[in-house]
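Residues annotated as divalent metal cation 1 binding site in Swiss-Prot, with similarity to another entry given as evidence: His112, Asp131, Asp135, Asp211. Taken from Swiss-Prot, the feature divalent metal cation 2 binding site applies to Asp131, His133, Asp211, Asp213, supported by similarity to another entry.
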Amino acid sequence: MLLYTYRSFDMELPTVDIKDADYIILGLPFDGTTSYKPGARFGPVLIRQATLNLESYILDYDIDIAELKIADAGDVALPVSIEDAIKVAVETIKEVRSINPRALPIFLGGEHSMTYPPVKVLEPKSYVVFDAHLDLRDSYQGSRFNHACVARRIHEMGVKVAIFGVRSGTREEVMFASQSGIEWVHARDYNFDAFVDLVSSLPEPVYVSIDVDVFDLPLVPETGTPEPGGLGFWEVIEALEWLTKRKKVAGFDIMEVSGDRLGNSTSITAAKLLFYVIGMSAR
């Protein structure tokens, strides 16, 4: 067991030791800066529980992910303070990478502020994020590491940022994006060609973040800041399939899964997304 981790719930998948894995799953259960609907700290365990409902065989790829070398490293025991949580998450991710630097890491959240630690450790050149929100505030509710600021903090690392499925933001965020060369696509304007046009020129490796609020609301009612008018499941899958075939991926995360009951539609959607991400990465 890693220094700061614990096992919350076993997935419906056989797992291997971290050192032997091709894919490593790590939960980041934190919702300390949530501004509307708390519960994202339960996201990792809810996703794992939802895997009980799913077949491990991916029809689309003729791949059974139960036959792959997957390690579940557990969940990181994160402090309540966002600054302290970031420090512990960074230290734990570094420990995982020291054991196995070649495996593809997949992080389960947890609010979107928890995307910052993986990006800090993995140092990608580009950040592709599916999100209903721009998350480009400089500060929110007294913190520069609030979930509403994560894309801005990542941009400040010198990482190229591209945001898809947006339908919420402030005038200041839109102006900052324009002035800073940050590309984003409104959910109303999103299509596969728009995604390809923007992502084709991004430098590698790419870190991919999926805030589940990017999906249309009936799919993901249990999330921290829900918004109507989102993308469909297959729209996101199609984009990820293209990206994983053509770009080197540094890591993935699935963030902002919330709720307080087993089998809610948000956690099932996220678990299915997790299985597809693993399957498409193994093609």
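Placed from the backbone N, Cα and C atoms, the Cβ positions cover glycine too.
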Notebook entry, point to check: When DSSP states are folded down to helix, strand and coil, where does Asp135 (divalent metal cation 1 binding site) land?
Noted result: coil
Notebook entry, point to check: Cα distance, Asp131 (divalent metal cation 1 binding site) to Asp213 (divalent metal cation 2 binding site), nearest Å?
Noted result: 6
Next item on the list: Starting from the divalent metal cation 2 site formed by Asp131, His133, Asp211, Asp213, give every other residue of that chain whose CB sits within 8 Å of the mean position of their CB atoms, in sequence order.
Entry: His112, Val129, Phe130, Ala132, Asp135, Gly165, Ser168, Val212, Val214, Thr225, Glu227, Met255, Glu256
Note to self: Restricting to the chain of Asp131 (divalent metal cation 1 binding site) and a gap of 6 or more, list residues whose Cβ falls under 8 Å of its Cβ, or answer none.
What the structure shows: His112, Ala151, Ile163, Phe164, Gly165, Val166, Ser209, Asp211, Asp213, Val214
Check: Which chain-mates of Asp135 (divalent metal cation 1 binding site) that are at least 6 residues away have a CB under 8 A from its CB, listed by sequence?
Finding: His112, Val129, His147, Ala148, Cys149, Val150, Ala151, Arg152, Ile163
Next item on the list: Could you check the binding-site residues His112, His133 and say which one's CB has the fewest neighbouring CB atoms inside 10 Å?
Entry: His133
